[in-house]
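Okay, so here's the structure we're looking at.
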Amino acid sequence: MSDYEEATSFLGEWGRFQQQVFLLLCLTVVPNGFAALSIVFVADTPLHRCVVPARVNLTAAWRNSIIPLEEDSGGELGPSKCLRYKLDDLLSFSERVLVPGVDVNLSEVPKEGCLDGWDYDQSLYTSTIITEWNLVCDDSWKNPLTSSVFFFGALAGSIISGQLSDRYGRKIVLFVSLAGQTVFALIMVVSPSWPVFCALYFVVGMAQISNYVSAFVLGTEILGPRVRTIFSTMGVCLFFCVGYMVLPLVGYFIRDWRMLTLALNLPGLLCLPFWWLIPESPRWLLSQGRVEEAEAIVRDAARRNNIEPPPVIFSPLQNKSQSEERTTHNICDLLRSRNICGTSLTLWLVWNILTIGYFALSLNTANLHGNPYFNCFLSAVVELPAYMLSWVLFRWVSRRLSIFSTLSMGGLSLLFIQLIPANLIPVAITLEMMGKFSVSTAFAFVYAYTAEVYPTVLRNTAIGACSMASRLGSIIAPYFIYLRSYSVSLPYILMGSLMTLVGLLSLLLPETYGMPLPDTITHMQPFPGCCQKKPYTAAHTEEDEDISSEKKNPVVT
C-alpha cells in the first residue's frame, strides 16, 4: 500500500468525486461548532443578587440597603451576589425608624446567605441552566463542572472511537456518532434536573469528538495530497467555524436555553442522508485486506470523474503483500518503540496545552467587557484568517517552525495582557483575540500534522489518542476561567506561560514537510535522538524500509 497514491493518481486531484467528498464531510462538522461551544450561552451566569421577599415590611431605605457591598476579583466595589444583611435585624431597625449608614453602622450588621433565592438579570437571557437550577454561590462549582462533563465525554469518545474506527471503518463510526450527537442533544431539551443534563451532555461530548475525528481521517485518506492539505487545515476547521459563528447569531434571537439547544441541534438530522453519498476509505479497506471493495470505490470515483480506470488498480503482488502484513494495531503501538513513543508523548503535550488555550479563551468570551454575543462572534470570526494561515503554513513552511511560531506568539500575546492598564480595555481584548488567533492556527495545523506523521494502520487510533490526551486540557479549561474569581490576570499568566514553553518543546518533533503520507509504522519519520532510520520517501520501497528497520532499529517492526 506504499504506492496507493501512485495507483490512484489517474483519478486526478479535484474531480466531481473529490469535490463531493470534501463538501459533505465538511458539512458533517458544522454541528460540532454548536455542540462544543453552545455552553457559552446555555450556562452563562447573569448578574444576580439575593431575593428580598415582597411580604417583608421594610422601609424603602432599608430595602435598598439590604444587599452589602463587596469587592469583586477586579477590585471594583459592587452589590454582593451571595449575601444579604440578616433580615431579622433589618426588620428591627426598620420598625424603630433607624436610618442605614447614619443610625446604624452597616459593617457591624450580621450577614446571611440568599435564603429566599436569587433575582437574576434578564436583560441578556430569559433563562440558562444557571438561573433554572440556581448554580450560583455555594453551587457555583457546578458551572465549570458542567463544561468539564462534556469534555469527559470527549475523553471517552477519543478512547473508543479511534480503535472502533480502525477496526470497523471510518464511515460507520462517523454516522453512528453523528446520529448519537443529534439525538442526545435533542433529549437535553427536556432535562428535568442538572444531573440529568450532565449525563446527556456527557454522551453528546463523546459523540461530538468521534464525529469530528472520523470525518477528519476519512477525508485525509480519500483526498489527494494537495486537496488533503486544504481539507485538513482549512476545510473542516472553516466549517466548524461556520457553526461557531452561527451560534451567537441564533443565541441573540433565542434567549431561552431549552429553545436554543433545540434550534442548534435540529440541523444535525440533515447530515444523516449523507450515508449514501460518502464512501468508506479505500486506504482503510486495503489495510483490512478488502481489496475488491476498495477497487469498487475507486472505480466508482473514476466514473464520477468521467475517467476510464486501468484494468488493474491494485496489483496482485501488492494485494498479497498487504494481506500478509495485515495485523491488528491498538493504542499500545503508539508507545511500542522509542521512535514512535517520543513523537506520541510530545504531541500529546502539545495537544493538551492547545486545548486548554482554545477552550479557555472560547469559554471566556461571556466574561469580556461588552456584549457577550458580539464577543463570541468576534472570537469565531478571528478563527477564519487563522485557518487560512494554517493552510498557507502547511503548504509552504516547515512543520516544526510553524508549530513553534504560532504557539509562541499566542503565549506572548496572553502574557502581555496583564501589562495593559485597566482603562485600555480594547487593547486587552485585541491581545486576547491575537492569542485566540494563534491558538486556532496552531490547532488546525497540529491536527493536519498528526494525520501526516502517523501511518494509515494507526492514523485514526493516533489522532484519537492525541485527542484523548488533550481531553485533560479541555476538562480543566473551564477551571482556568474559574480562576478569574481570584484574579482576573491569573488565567492569562498560566495559559501564556504554558503555551510558550510547549512551543519550545515542539521543536523536537520530526519534520514531515514534503514527505509522502506513511502507510506502515516503518515509514514514519524518525524522532530526533531516538533512531537513525533514513527518512521515508516515495522512492523507497517497502522492502528497503524493512531491511533498514532490521539493521538500524530492531525495535520498530
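These residue numbers are counts, starting from 1, taken along the chain as shown.
Placement of Cβ uses the backbone N, Cα and C atoms for every residue, glycine included.
On a predicted model such as this, the values are computed, not experimentally measured, just so you know.
Among the features that TrEMBL reports, transmembrane segment is placed at 21-43 (among others). For the transmembrane segment (21-43), same-chain residues at least 6 beyond its ends with a Cβ under 8 Å from one of its own Cβ atoms are 125, 128-130, 135, 143, 146-147, 150, 174, 178, 181-182, 185, 204-205, 208, 211-212, 215, 218-219, 222-223, 227, 231, 235-236, 238-248, 251, 257, 260-261, 264-265, 267-268, 271, 274, 277-279, 362-363, 365-366, 372, 376, 380.
Residues or ranges marked as domain 'Major facilitator superfamily (MFS) profile' in TrEMBL: 89-514.
For the transmembrane segment (145-165), same-chain residues at least 6 beyond its ends with a Cβ under 8 Å from one of its own Cβ atoms are 36, 39, 43, 129, 135, 173, 177, 194, 197-198, 201-210, 213-214, 217, 330-331, 359, 363, 460-465, 467-468, 471-472, 474-479. Annotation source TrEMBL lists transmembrane segment at 145-165 (among others).
Same-chain neighbours of the transmembrane segment (172-194): 28, 31-32, 35, 129, 133, 135, 142, 146, 157, 161, 164-165, 200-201, 203-204, 206-208, 210-211, 214-215, 218, 258-259, 261-262, 264-266, 268-269, 271-272, 274-275, 278, counting only residues six or more beyond its ends whose CB sits under 8 Å from a CB of the stretch. Residues or ranges marked as transmembrane segment in TrEMBL: 172-194 (among others).
Taken from TrEMBL, the feature transmembrane segment applies to 200-218 (among others). Residues of the same chain lying 6 or more positions beyond the ends of the transmembrane segment (200-218) and with a Cβ under 8 Å from any Cβ of it are 25-26, 28-29, 31-32, 35-36, 146, 149-154, 156-158, 160-162, 165, 170-171, 173-174, 176-178, 180-181, 184-185, 187-188, 191, 232, 236, 240, 278, 281, 447, 451, 459-460, 463-464, 467.
Residues or ranges marked as transmembrane segment by TrEMBL: 230-254 (among others).
Among the features that TrEMBL reports, transmembrane segment is placed at 260-278 (among others). Same-chain neighbours of the transmembrane segment (260-278): 20-21, 24-25, 27-28, 30-31, 34-35, 38, 41-42, 171, 174-175, 178-179, 181-182, 185-186, 188-189, 218, 247, 250-251, 254, counting only residues six or more beyond its ends whose CB sits under 8 Å from a CB of the stretch.
The annotation transmembrane segment is assigned in TrEMBL to 345-366 (among others).
Look at TrEMBL and you will find 372-394 (among others) tagged as transmembrane segment.
What TrEMBL records for 401-421 (among others) is transmembrane segment.
According to TrEMBL, the feature transmembrane segment maps to 462-483 (among others). Long-range Cβ contacts of the transmembrane segment (462-483) within its own chain (Cβ-Cβ under 8 Å, at least 6 residues beyond either end) map to 143-148, 151-152, 154-155, 158-159, 161-163, 165, 209, 213, 216-217, 331, 334, 344, 347-349, 351-356, 358-360, 363-364, 367, 447, 450-451, 454, 490-491, 494-495.
TrEMBL lists 489-509 (among others) with the feature transmembrane segment.
Ranked by number of Cβ pairs under 8 Å to the transmembrane segment (401-421), the listed stretches 230-254, 345-366, 372-394 are led by 345-366. Panel annotation: around the transmembrane segment (230-254), residues 22, 25-27, 29-34, 37-38, 40-41, 212, 215-216, 219-220, 223, 260, 263-264, 372-374, 376-377, 379-381, 383-384, 387-388, 390-391, 393-394, 440, 443-445, 447-448, 451-452 of the same chain, lying at least six beyond its termini, place a Cβ under 8 Å from a Cβ of the stretch. Long-range contacts of the transmembrane segment (345-366) within its own chain (CB-CB distance under 8 A, at least 6 residues past either end) are made by residues 37, 39-41, 44, 147, 151, 335, 372, 375-376, 378-379, 403, 407, 410, 414, 432, 435-436, 439-440, 442-443, 446, 450, 453, 465-467, 469-474, 476-478, 480-481, 484, 491, 495, 498-499, 502, 505-506, 508-509, 527.
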